[in-house]
Amino acid sequence: MRRIEIVLGELERLTRGLCLADLAQETAFTAEAIGFNLGLARNSVSKDLNQLWNDGLAIKSRGRPVYFLHRQALETLLGRQLEESEREVRSVADVLPHEEHYAPDDPFTSLIGYDRSLRDAVEKGRAAVLYPHGLHVLLTGPSGVGKTFFAELMHRFACEQASGAIPPLVYFNCAEYAHNPELLSSHLFGHRQGAFTGANEHKTGLVEQADGGYLLLDEVHRLSYEGQEKLFSILDKGEYRPLGVSSQPRSISVRLICATTEPVGSALLRTFQRRIQVCIDLPGIHQRSVEEQIELIVGFLQRESRKIERTVSIDKPLLLWLLNKPLEGNIGQLKSDIQFLCAQAWASGMTEHNDTLQLDKRLAEMSVNPTPEQRLLVDTLFEGKARLNIDARTLPALKTSLATGAEIEESDLFYSFLTREYVNLRNSNVPPAETLAILKNKLSSIFEYGLYSRDSVAHPPRYGDQIEERVTLLIGCVEQVLGFSLPENLVNPLRKHFLALIGYVQRGLIPQLYSSSLILDRCKDEYDNATLLCRKINELLHIQCPATEVVWLCLFLKECRHYRQRIDASPDCGVILIAHGATTATSQAQYVNRVLERELFSAIDMPFEQSVHDTLETLTQMIQTRQYRRLILLVDIGSLIHFGSTISKLFQIDVLLMPNITLTSLLEVGLDLSYETSDLPQLTALLQSKNIPCQLCTPQQENGGKVLVISCITGMGTAEKIKKVLEESFGELMSQDTRMVILDYNEVRSLERVQQALNASERLAGIVGTFQPGLPDIPFISLEELFSEQGPELVLSLLTPDLSNAERRLEMERSAMRFISALTMESIINHISVLNPQRILKEMEGVFNHLTSSLSLKPSRQVTLRFLIHCCCMVERIVINRKPLQMALESQPNLDARAFSVIKSAFLPIEDAYAIRLSDAEYFYIYELLYS
């Protein structure tokens, strides 16, 4: 074969490995790159390529260096014949077809994600504007997703479509007058002079100002139901009346755009919802694709670049941190965070006089564990560089780069990436050694992304029976080498890879590239097994297995062994980390798991607003679900250190508790579990020998007991009464392991002084008192909370934090009535002087139980308390005065006659026992009390 034919074949092979996105990125091939692949001199290859161009078999670009593409392969890719004028082009991208976009005057195109995650939202917004006379719109989504910005885009789009006057956009935040319906009416609809006190002149409302345009009602959920109903006439008929006007209503042409962060069903009237024709839900930032998140970050950095008139430079770790940072405020919070990062960098570099603002990982608050997709796209974006420089021209080029990384849809990501990346690097004149180093760094990320992408989990299409049988035999060979069967989530991507490999080899798309340095260090022990499997591929699939397949097989075999290790690593022994903070435990566990290359640690985060009981409930559910028979529990501070004995008693298992955990001790435990022992007594001794604090909790250990401290600033007398109420209500639960201690308020403010009141083996369960003493992580119940609806439940959470939700509900039913009785007794003792308080209270409880059962009532604790106190005092009043309350009753058309009759019947035993008669007025008051 002549040299020119070899060059033509290589050019065709390389061109067929391209896609349209590559052409958009100006990807083509130089004489040097082709010469490197074939081992030929650059000048000889250049001569042959120019001859091929003269013969019409290749096209080339003008400029230096000169790029070439195979003409027929390019026409196949484009799906059209090239014109004669296109034999030589200014740039490779010139041969691409013109893409269809929205008209350039469409404001929605400035919205990142308008053609992807926000496509449905944009189409709904455009439809609402374009429909004759427009449609009303409800925008929903969490805070900070850009609802106001979306409404402004709708208005700008309406302005572009308007043939006459520009429609106005009037903004109103419904929270401003949420609690004053009259001022709300005046502000929205206007008022006439004299409509109310202080209305000295006519006022135009926002509705009239928005006539012919849009009224944006932000935070519409803050409107009361009455406020929502005031808008019905506009929504239904396009009419309204200013405040104080009773004449003919005024016609109006206004479209409402309502925005809310709350669930629509709970915040808005159903009758209000159905009057709004279009509902648009905007997703949170972490529901957007990774490429959109990167575009948002770069867009905000580009905005700061224009503001400060400098290039902004960011490194890879900081960009990954921004992608993984928890953002409760979504896009709005991201914008503020980026502004703050730029301000920090500006302040730290004020003494330096350069044109670049440097942002780097030192500004990040914590380490992150990025996903393979994030690493892939960020690697694609940085193109092997250490930093990304952002200025006014960055975003358009970035979108093309991200599209290349995100749209890889070929049947096998590994080889499609390898081919494309290799070609790009060689065309960039990167030396061979550096090319291998760059590829090696990226292969692990691309492998993980391809293996665990959602597309890989789905069932791939089936091929001919003969090929399927051979691929199945190959999978069996892999399982034989590994020594265990593969789960379906690994079989599917393996099968898909083998089927794709056949096509790539037959089309000659795999570059003749191989070096042992491409195999990651952690995978080199799988080299012999991978080589054996390559021979099996040659034998079963009848193809020449490329040397690069050894690299993929090494990665796959190592991942399978890690998977097996995660499954087999003491499945009966859980290792759980709990730490204060929204993501502290998760971040630390992910970091250590990545270092150890196994999923060893599970994490439970404890945000600031989460209670100790809720955290314990999460822990117990995790243990129940995973059926652990042993547990290693790692915690940081506070009440979490008591979870060890609680879990040990609750599940009757051994628990190794490690308090005051740090990242260093986490790594130490992980290494010991991986390479030393998972036996808890042996592990305890090993850790203690390294001076790492730990404690082995067993079910047989005696519980040291709990102490509940009661303290009132009003004096010891009040504290004694509270103690008495709690003993009568929850005495059975306290048994021998809980005691109550009364302390002066000044003593409670110091944790050291509180500890002095405890025995060495006791722990502080919580504090009940007047004011919050401010002790860190010590549960506190105020008197207001104690006597509220949630009072008994709060006390139960202190005394029995290890109860399940079902057990807690059962105990609540038992204790709630005793709690109410105890409170009622304390109250009626102060008001009853003639009757026996215990007797009358017991009788009234019987009446109350009869009423709730007969009338199917579920009254609140407040209603129960009021009923018992009122009825006990009522009976004593009638006994002393010898006559009931006498008052004229108005006609009550809504009175439930049956319920009224049941109430009368229930009090007959009381009337007989105390020789009294209750009037209808007394019964009516009791009726109102129960049904209020």
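Placement of Cβ uses the backbone N, Cα and C atoms for every residue, glycine included.
Worth saying up front: this structure is predicted, and the values here are computed from it rather than measured.
The annotation domain 'PRD 1' is assigned in Swiss-Prot to 462-567 on the grounds of sequence analysis.
The phosphohistidine feature in Swiss-Prot is assigned to H497 (among others). H497 (phosphohistidine) falls within a helix when secondary structure is assigned with DSSP.
What Swiss-Prot records for 572-708 is domain 'PTS EIIA type-4', and it gives sequence analysis as the kind of evidence.
Under the heading domain 'PRD 2', Swiss-Prot lists 835-932.
Annotated phosphohistidine per Swiss-Prot: H870 (among others), in sequence order. DSSP assigns H870 (phosphohistidine) to a helix in the three-state reduction. Taking the Cβ of H870 (phosphohistidine) as centre and 10 Å as the limit, one finds 15 other Cβ atoms among all the protein chains shown.
In terms of DSSP helix, strand and coil, the domain 'PTS EIIA type-4' (572-708) has 65 helix, 31 strand, 41 coil. The CA atom of H497 (phosphohistidine) is located 78 Å away from the CA atom of H870 (phosphohistidine). Across the domain 'PRD 2' (835-932), DSSP helix (H, G, I), strand (E, B) and coil residues number 68 helix, 0 strand, 30 coil. Summarising the environment of H497 (phosphohistidine), the number of other Cβ atoms within 10 Å of its Cβ, over all protein chains shown, is 23.
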